[in-house]
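One structure is given below, encoded as structure tokens.
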């Protein structure tokens, strides 16, 4: 069965990372995975949360949100509802965990960096695009701190590994990389995988949407994901060069 956009099973969608997309933040990136577009901004604050003070460690966290018309039909803003939804909270925490795997918090010193990831247009893979773009925005924010001699460690030691993420799944019995919305909605198995540029795992989230899956299928999906993350790491490297 052909993919909706004609890609081969092991091909990513076209990926674009546009740095400096927003004027005010210390780091900003518009990341595009095909038709999925996420604006990632990094905001630096001197100091850390109260529970972190005196530790000598910095803090990195993230918030995720979607514009009301990022999808086919309009959704109410969560601020209007008066509470953050479970999905939004879960994705925000995933992004934060993933980015903390890329940074030496001791070398960062007692500085805080908040990554805001706002989905402008959704066509599947919003959380994986957010992680991939937010890493580049975080890198730029650390460079900003380094230029002001505000880091506790040597600048080159702060960002000690790259982090990217991609979705994989089984659709019509076939393992596929980087699912768009149509594929994600019909997937029998769906995984989101966060990897370093070296191909080590940071986090794996997966479920059998329409039944169970075998160890062989899982291995095939993880192989696809690692290859995709390595390719995304190269795109990040080029964007930062």
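Glycine too: its Cβ is placed from the backbone N, Cα and C atoms.
As given in Swiss-Prot:
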type    : residues          : note
BINDING : 87, 125, 126, 127 : phosphate binding site
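Sequence features annotated in Swiss-Prot and their locations in the structure.
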residue: 87; record: phosphate binding site; Cβ within 10 Å: 11
residue: 125; record: phosphate binding site; Cβ within 10 Å: 26
residue: 126; record: phosphate binding site; Cβ within 10 Å: 25
residue: 127; record: phosphate binding site; Cβ within 10 Å: 23
Please give the greatest C-alpha separation between any two of the phosphate-binding residues 87, 125, 126, 127, in angstrom, as a whole number. 14
Within 8 Å of the centroid of the Cβ atoms of 87, 125, 126, 127, which other residues of that chain place their own Cβ, given that this set defines the recorded phosphate site? 64, 91, 119, 122, 124, 128, 129, 130, 192
Would you identify the secondary structure of residue 126 (phosphate binding site) according to DSSP, in three states? helix
